[in-house]
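Everything below concerns the one structure shown next.
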Amino acid sequence: MLPRLQNRVPPPAFCPLDKHSGAPIARRLEVTLTDDVLVVHGGTPLQGQIRVRGAKNLISKAMVAALLGETPSRLFDVPRIRDVEVVRGLLELHGVKVTDGADDGELVMDPTNVESASTDEINVHAGSSRIPILFCGPLLHRLGRAFIPDLGGCHIGPRPIDFHIQALREFGAVVDKAPEGMHLSAPNGLHGAKLELPYPSVGATEQVLLTAVRAEGTTELRNAAIEPEIMDLICVLQKMGGIITVHTDRVIEIQGVPKLHGYAHKPIPDRIEAASWAAAALATKGEIEVLGARQADMMTFLNVFRSIGGEFEVTDDRVGRPGVTGVEGGIKFWHPGGDLQPVALETDVHPGFMTDWQQPLVVALTQARGLSIMHETVYEQRLGYTDALNQMGATIQVYRDCLGGTPCRFGRRNFKHSAVIAGPSKLHAADLVIPDLRAGFAHLIAALAAEGTSRVYGVDLINRGYEDFENKLAALGAHVERLS
Ligand code: EPU
């Protein structure tokens with residue numbers, strides 16, 4: 001057993017500070033990092049099968065949508081992750097009865113008695129997630145007012161909410177920013193609007209959908225995000241009675257309806273988690289079958305994976321084959337041996353290469369022979385985690401310029417948002433503090449790929465988006481243990 005290095009490590013970088021005391025909000029929520037350390041004995045190829053459940057970035061929004069219905073909703077395949085707990089807590093505070101259904105992963109949400117919650121109660125969730133911003137429309141429809149706490153989420157750039165507020169005002173909401181959070185009301189109800197987003201923001205598109213679906217009249221949203229999670233949210237709203245048309249060129253039209261009912265929905269699988277495990281297979285020279293992963297949502301990732309030299313097989317042909325029962329398909333990813341190839345990539349909105357695929361893949365790219373380029377165009381500060389990889393022996397240089405493809409929004413601003421990765425590099429063990437969710441998983445992959453024993457601090461942050469990851473690691477043959 002390794003000796004405990006220190007009892008307390010600094011809070012992770014995403015952790016917001018209490019405005020009054022200056023203390024990290026995570027501490028107020030009694031989250032400490034003392035027992036939050038994973039010891040990783042690296043160098044073993046990960047091998048085996050794991051399963052992904054419903055997509056975190058759909059589940060949380062579908063849970064908010066349940067508020068809009070007048071009868072209970074049922075959501076299946078819900079992973080046990082922190083973001084789900086936060087949204088569940090907020091729903092319960094507003095009178096929604098949330099219970100576990102008969103099936104494993106089934107959540108039943110009964111919004112029959114929606115009621116206001118106090119600012120203090122809601123503020124317990126301040127700084128814990130970005131999802132509370134999506135409660136605006138549904139609460140305004142149900143209660144005529146809403147209070148939204150300070151948002152949390154990963155520290156990967158400024159992450160403003162100006163598009164959300166602008167859209168809400170166009171719908172007729174009155175938005176007051178106060179020191180304790182944001183108060184909203186809709187004295188004249190909410191009505192449809194003609195909107196155009198300056199950038200196809202996922203959250204702002206969801207805000208518009210969740211507000212417009214019950215607003216009076218028709219809403220037209222231009223330059224909307226069209227991620228698979230958004231299409232799945234549209235499916236949820238359609239099941240509830242919504243009338244939503246997706247036109248070409250990122251135009252979504254929503255005909256408001258006065259009433260919605262509950263839904264029953266099996267969400268799309270988590271394509272971010274699936275890609276994270278795929279990158280782990282490549283970086284550790286292993287083979288991982290990700291059950292539940294769906295090819296259609298991952299085409300862009302799969303093309304890149306293949307270009308680098310990784311191999312994959314879509315195994316969903318087993319499903320429904322005569323005589324085959326109880327077998328679930330997915331995608332099997334593996335490193336075929338030999339050198340990996342470098343690649344020039346840029347992250348983008350759908351159908352581009354997702355920003356959340358970037359960090360785990362960069363770890364694999366440290367093993368490719370030659371120079372790879374990663375141009376991050378969605379968030380301005382999502383390459384900070386590369387410092388830790390360099391400490392482990394990687395050679396990654398970050399630049400303010402737009403390298404590789406087309407100039408992006410950050411080109412003439414002062415953000416280091418392009419990386420050049422020179423490989424292959426032999427990674428060695430290090431002590432790492434997890435900075436945010438996806439970078440955290442990337443650090444974990446690097447520790448698994450490295451020779452020697454690493455200590456990874458703040459691993460509980462990974463529970464925000466990766467269900468049961470320690471048991472999954474064990475199932476894949478990783479040598480990891482909690483520092484005790
Ligand atoms: N933006 C603005 N103003 C706004 C809203 C967004 O300038 O009002 C900017 C952002 O600063 C960013 C860009 O638009 O530069 C894209 O942000 P977007 O709104 O699309 O992101 P989000 O809705 O906050 C979701 C996911 C992220 C994922 C992005 C992009 C959830 C809970 N989060 O964030 O997921 O990276 O879309 O696909 O759905 C994660 O899962 O780890 C994660 C960060």
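Each residue, glycine too, has its Cβ placed from N, Cα and C.
Unlike curated entries, TrEMBL annotations are predicted automatically.
According to DSSP, K56 (phosphoenolpyruvate binding site) is assigned to a helical segment. Positions annotated as phosphoenolpyruvate binding site by TrEMBL: K56, N57.
According to TrEMBL, the UDP-N-acetyl-alpha-D-glucosamine binding site annotation covers R130, D356, V378. According to DSSP, V378 (UDP-N-acetyl-alpha-D-glucosamine binding site) sits in a coil region rather than a helix or strand.
In the predicted model, the domain 'Enolpyruvate transferase' (41-473) has a mean pLDDT of 94. The annotation domain 'Enolpyruvate transferase' is assigned in TrEMBL to 41-473.
Marked as 2-(S-cysteinyl)pyruvic acid O-phosphothioketal by TrEMBL: C154.
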Among K56, R130, the one of these binding-site residues whose Cβ has the fewest neighbouring Cβ atoms within 10 Å:
R130
Rounded Cα distance in angstrom between V378 (UDP-N-acetyl-alpha-D-glucosamine binding site) and N57 (phosphoenolpyruvate binding site) is 16
Packing count at V378 (UDP-N-acetyl-alpha-D-glucosamine binding site) (other Cβ atoms within 10 Å of its Cβ):
25
Secondary structure at R130 (UDP-N-acetyl-alpha-D-glucosamine binding site) (DSSP, helix/strand/coil)?
coil
Relative to the Cβ of N57 (phosphoenolpyruvate binding site), which residues of the same chain, six or more apart in sequence, are found under 8 Å away?
V202, E227, E229, D270, I272
D356 (UDP-N-acetyl-alpha-D-glucosamine binding site) to K56 (phosphoenolpyruvate binding site), Cα to Cα, whole Å, comes out at 12
